[in-house]
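One structure below.
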Ligand code: PEP
Ligand code: MG
């Protein structure tokens, strides 16, 4: 037979023919293998079946006609290259069949190792490499093939292995003898036949072929789907499949497997970090079933190989210009690199690595800014524990993902999800995690695993999701079945017991500890409030992560073209917002000044019961509050929104009042005051208060509320002026649907400002705005703009009213179910619905500016602090964002990133 000559065909690409840019076709893993082959790294030979093949398979529900032929051609080339043949007992080729999608989906899809083994080959392998090795490899193949291709429950295999370990009186698979492994392998095959009527095919080509199709199928598995929904990865991408010559790390003391990073992925420290296991396969390292050693141990055992590995790590980092993670195997003293990709990292590491790479001359500050994001910044600004002293940890493990969290102990993912769904904070404890635990991991505030290193499944996934995580807790004995754990000191922990977890130090504490803002948040405040020259020494002293954070935030500030304000109505929040970098207040919700005991004032005014007294009180206290926030924001704009109380939040509960009156009546002690109040509350009661007497409508019904508030605001501003300050009040009108409503409200505002200013003899310019938070407001923006200086998009209500779903109830009533079913990828109340609400925003921006080119355009709904929404909003043309004070740094960072992305579309992060 003549050797095939073409190495590249439509659905299959040999490693030697690909490169790192071909991620769409080859998936991340395939592109990495191709690129490493190109860089001359020691990569086993192999080829990739492309994502196009997978998509064609999934679309048609059967394999594309050309695929089998192309696979055969590629396999023949591989055999020639390796000098081995699939199924040839004399010189057997064994391959792994590994999934590898465009975006990394760790553990979500399938891998089958040792494809090519059959009864004849295993016998020959037992002679050439030892019986134990041969049977261990064969049993792994039957197990993985059985689970992945034949669809048999993985636990059935595990139970059989457990039984064999118990019978042999050993605790690990490594201790099982060749004879026992042979028995287990045969039992596994019986299990396959019993469960499916099928055995492991003895034709290795059939094994390979069906394994490839099974990996395609794993793209549509529940686990993978759930992960994609959470990570916003498109359903349409499909996975590539990599067929790689097997190298074995489990061949004795000069063999082993490891996972490492070019830098520390938890802290960002610029030193290679990794886990290594002697005489083990890669799965053993990742699943945490054995305690790993770190790279320094490898350096001591195999100095030359360690040096070679470090050399390759440098090559990879130079090529990718970023932190890389690498899987490697040592087979009888020879190093093989099996995989690389740009590595996942903690939020802290992301900031530090980005800035270190700037200092090393690898990237510039713009690119560094694109290497971090608002979610990571938010995670860093996440809390730590209040009182650091006097709390001896009950256990200590590896600080796998930073942050601090408390919650009640649970021991499996379903419990974690169920408890979290009813509002509990839970800490998930597992011996180690697998892909099946991801739902629990997402539901928990923190995750603890007894085993596993910084590269274990739990660590990688938790870091990716920004969850606090501690792994490898020595001496922690978790009994998942009994729902208990014994801590290293002997303490018995039961389900429901409170725990506190510090993912930054690896400490675990009994009980609930108080959680507080991070050093990073405190540092940001310190920088913003000190003069630039004074901040420099502070920056120099700060730890590298905090320093990196400050540096990238400062760069974002330099780049961004929009301003960032805070939503605040108290002195404390206004000051906090300013300290975190807010350049004004974009929304002071005046009704928040009237909560608690003050609620009754709104009731008095609205129901007309003691209206005058209520108005006087509201005016007096509003004036004090306005003076405070205008003072805190001295020199910066402060947008005060006229009262917008959903009335039910301010009136007494009708049912309670009715019950009280009924009880009084029954007892013959009718209370006139209660009866009168009941009548008034009945008069104002609404079935659907969110669509009722709110915002501008209330102001139309009780116009004195406008006058009282505006008078208080104008007087506060005048008073501050007289004290030499520079107050910049602005007023906006909420819940406007029609230009007539707006005109009436604005007429009152203007008249009242003019009256106060006239009396005082001071000049006061008060810009006026309207909130765009009803679809009709957006649709009639051109007319509204004739009357105002600015629009402020209230995207909370705009989402509620565009979707026609309650912002208060939708999550628990059906949104969670929608997300679970994949009906909606995300919650439109947290990430802007670009297609619907976003379209209204764009319409209003365009039409508003057509009427008034210098119209100010802000956003004050929650979306202004959400990273993805910020990009959409800025792309719509808004020029300021206003969000809650803790999210101000996130908005600053994302606005900077948006500006940089606009200038360098070529380096834009990939959309999924
Ligand atoms: C909004 O609706 O987006 C808004 C900012 O107003 P509130 O949340 O107070 O209704
Ligand atoms: Mg609103």
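Start at 1 and count along the chain as shown; that gives each residue its number.
Cβ coordinates come from backbone N, Cα and C, glycine included.
Straight from TrEMBL, the features:
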type: DOMAIN; residues: 24-60; note: domain 'Pyruvate phosphate dikinase AMP/ATP-binding'
type: DOMAIN; residues: 70-292; note: domain 'Pyruvate phosphate dikinase AMP/ATP-binding'
type: DOMAIN; residues: 308-349; note: domain 'Pyruvate phosphate dikinase AMP/ATP-binding'
type: DOMAIN; residues: 424-506; note: domain 'PEP-utilising enzyme mobile'
type: ACT_SITE; residues: 457; note: active site, tele-phosphohistidine intermediate
type: DOMAIN; residues: 556-895; note: domain 'PEP-utilising enzyme C-terminal'
type: BINDING; residues: 589, 641, 773, 794, 795, 796, 797; note: substrate binding site
type: BINDING; residues: 773, 797; note: Mg(2+) binding site
type: ACT_SITE; residues: 860; note: active site, proton donor
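Positions of the features from TrEMBL, shown on the structure.
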| residue | record | DSSP class |
| --- | --- | --- |
| 457 | active site, tele-phosphohistidine intermediate | helix |
| 589 | substrate binding site | strand |
| 641 | substrate binding site | strand |
| 773 | substrate binding site | coil |
| 794 | substrate binding site | coil |
| 860 | active site, proton donor | coil |
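Contact annotation for recorded positions (457, 589, 773, 794, 795, 797) versus ligand 2: 773, 794, 797, each with CB under 6 Å from a ligand atom.
Proximity of the recorded positions (457, 641, 794) to ligand 1: a Cβ under 6 Å from the molecule is found for 794. Counting C-beta pairs under 8 angstroms (sequence separation of 6 or more), the domain 'PEP-utilising enzyme C-terminal' (556-895) reaches the domain 'Pyruvate phosphate dikinase AMP/ATP-binding' (70-292) with 3 or more such pairs. Per-residue pLDDT, averaged over the domain 'Pyruvate phosphate dikinase AMP/ATP-binding' (24-60), rounds to 95.
Taking the C-alpha positions, the distance from residue 589 (substrate binding site) to residue 860 (active site, proton donor) comes to 10 Å. Annotation: stretch 308-349 has the most Cβ pairs under 8 Å to the domain 'Pyruvate phosphate dikinase AMP/ATP-binding' (70-292), among 24-60, 308-349, 424-506.
Counting residues 6+ beyond its ends, the domain 'Pyruvate phosphate dikinase AMP/ATP-binding' (308-349) has Cβ neighbours under 8 Å at 20, 28-29, 32-33, 35-36, 39, 41-44, 104, 244, 247-249, 251-252, 254-268, 272, 274, 281-282, 295, 298, 302, 357, 362-363, 371-372, 375-377, 379-380, 401-402, 455, 460, 463-464, 466, 504, 545 in the same chain. Around residue 860 (active site, proton donor), the C-beta neighbours below 8 angstroms that are at least 6 residues distant in the chain are 567, 586, 587, 639, 771, 792, 793, 794, 882, 883. Here the domain 'Pyruvate phosphate dikinase AMP/ATP-binding' (308-349) is broken down by DSSP into helix, strand and coil counts: 16 helix, 17 strand, 9 coil. Take the mean position of the Cβ atoms of 589, 641, 773, 794, 795, 796, 797, the recorded substrate site; other residues of that chain with a Cβ within 8 Å of it are 587, 644, 734, 771, 792, 793, 798, 860, 861. Counting every protein chain shown, 28 other Cβ atoms lie within 10 Å of the Cβ of residue 641 (substrate binding site). Per the record's binding annotation for substrate, residues 589, 641, 773, 794, 795, 796, 797 show a top Cα-Cα distance of 15 Å.
Other C-beta atoms found within 10 angstroms of the C-beta of residue 795 (substrate binding site) number 28, with every protein chain shown included. Under 8 Å, Cβ to Cβ, and six or more positions away along its own chain, residue 773 (substrate binding site) finds 734, 735, 793, 794, 795, 796, 797, 798, 801, 861.
When the domain 'Pyruvate phosphate dikinase AMP/ATP-binding' (24-60) is classified with DSSP, helix, strand and coil residues number 25 helix, 4 strand, 8 coil.
Least packed by the Cβ count within 10 Å, out of the recorded positions 457, 589, 794, 796, is 796. Within 10 Å of the Cβ of residue 797 (substrate binding site) there are 23 other Cβ atoms, across all protein chains.
The two recorded residues, residue 641 (substrate binding site) and residue 457 (active site, tele-phosphohistidine intermediate), have Cα atoms 48 Å apart.
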